[in-house]
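Peer 1: Supplied in C-alpha cells, the structure appears directly below.
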Amino acid sequence: MSQTFGNSSKYLFTSESVTEGHPDKICDQISDAVLDAIIAKDPTAHVACETAVTNGLVVVMGEITTSCYVEIPELVRGVIKDIGYIKPEYGFDDRTCGVLTSINRQSPDIALGVNKSQEAKSGQVDELDLTGAGDQGMMFGYACTETPEYMPLPISLAHRLSKRLAEVRKNGTLPYLRPDGKSQVTVEYHNGKAKRISSVVIGAQHDPDITTEKIQADIIREVIKPIIPTNLLDEKTEYYVNATGRFVVGGPVSDTGFTGRKILVDTYGGFARHGGGAFSGKDPTKVDRSACYMARYIAKNLVAAGLADRLEIQVAYVIGVAHPLSVSIETFNTARMNHEDILSIIQKHFDLRPEAIIRNLGLRRPIYRQTAAYGHLGRPELDLPWERLDKVDAIKATIESLSVSK
C-alpha cells in the first residue's frame with residue numbers, strides 16, 4: 001500500500017479519529033481502567049479484559065488471573081461519568097446503565113508458555129528468557145519526520161481535532177455538544193510531502209434544539225481553525241460538519257461498542273501496516289500490545305537519529321517463545337544506511353524479548369487508561385515510555401563507529 005502512494009507524485013491520504021465518547025472508545029477506556037486497577041495492585045497479573053456497550057448496558061468479560069480484587073461495576077460507572085455520559089436525556093448514563101461481568105481465569109495452556117518460555121524449559125538461565133510471548137502474530141512500528149512527534153500528519157491532526165471537540169464540550173465553550181464524535185482529515189501530498197488539507201470532516205453529537213447552521217459555524221471557528229495549520233488551508237479546502245444534518249442520538253444508544261474496534265485510530269491511521277491485534281485491556285505479556293509499543297520506540301529513535309525519514313519495522317512471535325521469529329524493516333527509499341546495518345543497530349540497542357520489553361519500558365504499571373482515547377502513539381502531552389528518544393545518542397555513536405570501520 002505505502003509503495004503505491006510513494007510512486008505517485010500527487011495523492012490524497014485520509015485518517016480518522018473518534019472522541020472518548022464514541023461507543024468503541026468507551027469500551028477501550030473501561031477495559032484499560034480495569035487493567036490499570038489490577039496491575040496497580042498486582043503488577044504480574046495476567047489480564048485480557050473485553051467490554052461491550054449497548055443501549056443501557058455494559059458487559060465486561062475476559063480472562064484474568066490475579067491475586068487482587070477490584071470492584072468492576074464501580075470502575076465502569078466512573079469511566080462513563082468521566083467521559084460525560086451523566087444526563088438521562090442522553091439515553092445512556094453512569095447511574096442508570098446496567099453492568100454485567102463474566103470473568104474467567106487465563107487458560108492454563110496459555111500460562112504454560114507465558115510463565116515459562118520454551119527457552120526456559122530447555123535449560124537456559126537468562127532471566128529475560130523466562131517469559132514467553134503471550135500469543136503468536138506480527139506487530140508493526142512506524143515513525144516519520146512529518147510531524148514533531150514523528151507521526152503521520154493525517155492521524156496527528158485527526159486526533160487533535162477529536163480532543164478539541166471533547167475540550168470545547170467539557171469547558172463549556174460549546175455546551176450543547178454531547179460526548180460522541182468523530183473527525184477525519186484528508187491531506188494532499190506532492191512528492192511525498194504534505195502540501196495542503198483537502199478536506200476536514202467532523203461529526204459532533206449535539207442537543208436537539210441547536211440548528212445545523214450554528215453547529216457548523218461553531219465547529220469551524222472553535223474546533224477546526226484552532227487546530228489545522230493555516231498554511232495548509234486554502235479556498236479549496238472542504239469542510240463537512242454533521243453531513244447528515246443532525247446528530248442527536250449517539251453513543252451506545254445508537255451504536256453498540258466493543259473493545260479493540262479502533263485499531264487504526266489507536267496507531268497510525270492506516271499510514272503504516274497493522275498486525276491486527278488490539279491493545280486495550282491486555283497486560284504487557286500480550287505482545288499484541290507491548291511489542292507494538294516497542295516497535296514504535298525503535299522506529300522513532302532510528303528516525304530521530306537520522307537513519308531514515310520514514311521507517312516501518314515488523315516483529316513476529318510464536319506463543320511461548322521469548323525470542324522473536326523475525327525482525328524486518330521498510331524505509332520507503334528514505335534510508336541513509338543499508339538495511340543490514342540498520343538491523344544490526346536494532347539488534348545492538350533493542351532487546352525484543354517480552355520480559356526485556358516489559359522491564360525496559362516499565363510496562364508493569366497503571367499507565368494504560370490514558371492511552372485508550374486519542375491514540376496510543378505520538379502523544380507529546382503524555383510521558384509514555386515508548387515515545388522517549390533516549391536511544392538517539394547511542395544510535396548515533398554506533399553509526400559513527402560503523403562509518404569509521406568502513
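From the backbone N, Cα and C atoms, a Cβ is placed for every residue, glycine too.
Note that this is a predicted model, so its numbers are computed, not measured.
Found this in Swiss-Prot, in case it helps:
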type	residues	note
BINDING	HIS22, ASP180, GLY181, LYS182, ARG246, PHE247, ASP255, ARG261, LYS262, ALA278, LYS282	ATP binding site
BINDING	ASP24	Mg(2+) binding site
BINDING	GLU50	K(+) binding site
BINDING	GLU63, GLN106, ASP255, LYS286	L-methionine binding site
REGION	106-116	region 'Flexible loop'
Peer 1: What is the number of other Cβ atoms found within 10 Å of the Cβ of GLU50 (K(+) binding site)?
Peer 2: 21
Peer 1: Within 10 Å of its Cβ, which one of these binding-site residues (HIS22, ARG246, LYS262, LYS286) has the largest number of other Cβ atoms?
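Peer 2: Answer by Cβ density within 10 Å: HIS22.
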Peer 1: Find the longest CA to CA distance in the recorded ATP-binding set HIS22, ASP180, GLY181, LYS182, ARG246, PHE247, ASP255, ARG261, LYS262, ALA278, LYS282; express it in Å as a whole number.
Peer 2: 36
Peer 1: Hey, how far is LYS262 (ATP binding site) from the residue listed as 'Mg(2+) binding site', Cα to Cα, in Å?
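Peer 2: That comes out at 7 Å between the alpha carbons.
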Peer 1: Which of the listed binding-site residues (ASP24, ASP255) has the least company, meaning the fewest other Cβ atoms within 10 Å of its Cβ?
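Peer 2: Each of the binding-site residues ASP24, ASP255 was scored by Cβ atoms within 10 Å; lowest is ASP255.
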Peer 1: Which binding-site residues are spatial neighbours of ASP255 (ATP binding site) here, meaning Cα within 10 Å, out of GLU63, GLN106, LYS286?
Peer 2: none
Peer 1: What same-chain residues, at least 6 away in sequence, bring their CB to under 8 Å of the CB of GLY181 (ATP binding site)?
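Peer 2: Same-chain residues close to GLY181 (ATP binding site) (Cβ under 8 Å, separated by 6 or more) are VAL18, THR19, GLY21, HIS22, SER162, LEU165, ALA166, ILE202, GLY203, ALA204, GLN205, GLY250.
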Peer 1: Does anything in the same chain, at least 6 positions from LYS282 (ATP binding site), have a Cβ under 8 Å from its Cβ, and if so what?
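Peer 2: Once residues fewer than 6 apart are set aside, LYS282 (ATP binding site) is near LEU35, VAL47, ALA48, CYS49, ASP288, ARG289.
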Peer 1: Using DSSP reduced to three states, classify the residue listed as 'Mg(2+) binding site' as helix, strand or coil.
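Peer 2: Helix, per DSSP.
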Peer 1: Can you tell me how many other Cβ atoms are located within 10 Å of the Cβ belonging to GLU63 (L-methionine binding site)?
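Peer 2: If we count other Cβ atoms within 10 Å of GLU63 (L-methionine binding site), we arrive at 15.
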Peer 1: Which residues does GLN106 (L-methionine binding site) neighbour through Cβ under 8 Å, counting only same-chain ones at least six apart?
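Peer 2: Long-range Cβ contacts: HIS46, ALA48, GLU63, ILE64, THR65.
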Peer 1: Can you tell me the CA-to-CA distance separating GLU50 (K(+) binding site) and LYS286 (L-methionine binding site), as a whole number of Å?
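Peer 2: Given the Cα positions, GLU50 (K(+) binding site) is 14 Å from LYS286 (L-methionine binding site).
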Peer 1: What is the interatomic distance between the Cα atoms of LYS286 (L-methionine binding site) and ARG246 (ATP binding site), given in whole Å?
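Peer 2: Rounded to a whole number, the Cα-Cα distance is 41 Å.
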